[in-house]
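K.L.:
Questions regarding the structure given below will be posed in turn.
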Amino acid sequence: MSPRFDALRAIGWPFEGMPPPGPWQDAMQAHPGARPARVIEQHRSGYIVAEGLAGGFAVESLPDWQRPRLPPGERPAVGDWLLVEGDAAGDARAAALLPRRTAIKRGAAGEHYGQQVIAANIDIVFVVTGLDGDFNPRRIERYLLLVQSGGARPVVVLTKADRDGVDDTAARAELTDAIGAGVPVVAVNAKDRGSVAALEQWLPPGSTAVLVGSSGAGKSTLTNTLLGIEKMKTGAVRESDARGRHTTTHRALIPLPSGACLIDTPGMRELKPTGEERLADGGFEDIEALAGDCRFRDCRHDREPGCAVRAAIDAGALDAQRFANYLKLRDELAGAADQLATRQAQKADERVQGKALNKRLDDKYGRH
Ligand SMILES: Nc1nc2c(ncn2[C@@H]2O[C@H](COP(=O)(O)OP(=O)(O)OP(=O)(O)O)[C@@H](O)[C@H]2O)c(=O)[nH]1
Ligand SMILES: [Zn+2]
């Protein structure tokens, strides 16, 4: 059966039909009986995938993906494209994972590789922040680190620009100080179609976007405005919900009129920077590269002789403020890494104690 590319396109298939020559095409030719489908949920023994907008179906995982020590890059995640064989209504099986283009990763305590892929093949991440009390340049900076380290492109969306007393010029200036000028920043009224249309330039057909940001930042409002639906389950509904939550999470892949697709899963909604993001991948590559030229491998770039980083600052090649941000972040990351190590040590300890307890029970009552 040949793939239905039109249907796939609506859920983010990045080509107009067959992939061009390259690894995707090779994989498809190596599995001529299989067809592409996109992962929308990840479960212990398999995946829910979609071949279009009509419902998902279960596929059995490849045994290889069940190995506990599999590097995170090799286990499919939400947003990945699989090649699947068999009947969607019955015995569908995964045959291969198509190479991943981008990944949003997060440090995960207890994972062997310390990292977990939250979503794959995301082109654009809208980092959504309200221009009200929610506004916090440091938090935005953390999100950017998280996004850029996986290869996705971030765009900062400042919502509630229409609110009284909001000064988006001042907010932008503050933000540019923190993150530099390389990342687009757009201020919008998330409820207004004309205003939100400014985001469409990042939403071409076949692309995949996600919205991240704190609760109340305006993600649902933006989603609905992008969809052209005036009111769905946003604030008004939520206020009547005792648990303070609404339910947009069951729609994992949302096709937009622009031809792009939004991924909205609980994992994405809860995406928060942990502090374990890697500096080298997160927009500080230049500084890390400079550090490689310092005379001492453990140079703190403080007063050490032969410090390439200081030399670059003195020569005006590196902005002192960016370097200060880098140092702050580096200290925070070191703190987070310490905490992580402590947690992992505790876990290992608990496991050992658990085993000892099991053994005592086994000795007493026989194997259980
Ligand atoms: N005036 C104005 N209100 C907005 C704007 N964006 C969001 N709001 C309001 O802010 C409240 C929260 O917005 P939501 O879209 O529910 O926020 P969310 O990010 O989806 O929140 P969670 O679902 O909890 O993650 C709602 O009452 C929205 O109407 C905006 O640009 N302007
Ligand atoms: Zn140095």
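From the backbone N, Cα and C atoms, a Cβ is placed for every residue, glycine too.
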K.L.:
Looking at 201-224, 345-368, I want to know which stretch TrEMBL calls region 'Disordered'.
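P.N.:
Going through 201-224, 345-368 one by one, TrEMBL gives region 'Disordered' for 345-368.
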K.L.:
Cα-Cα, whole number of Å: His301 (Zn(2+) binding site) versus Ser215 (GTP binding site)?
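P.N.:
About 38 Å separate the Cα atoms of these two residues.
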K.L.:
Tell me the Cβ neighbour count for Gly213 (GTP binding site), meaning other Cβ atoms within 10 Å of its Cβ, over all protein chains shown.
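P.N.:
The answer is 25.
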K.L.:
Which ones in the same chain are close to Cys294 (Zn(2+) binding site), with CB under 8 Å and 6+ residues apart in sequence?
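P.N.:
For Cys294 (Zn(2+) binding site), the qualifying residues are His301, Glu304, Gly306, Cys307, Ala308, Val309.
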K.L.:
How many whole Å apart are the CA atoms of Ser215 (GTP binding site) and Cys299 (Zn(2+) binding site)?
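P.N.:
On Cα coordinates alone, these residues lie 40 Å apart.
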K.L.:
Run through the domain 'EngC GTPase' (120-269) and tell me, per DSSP, how many residues are helix, strand and coil.
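P.N.:
Reading the DSSP string over the domain 'EngC GTPase' (120-269) gives 52 helix, 29 strand, 69 coil.
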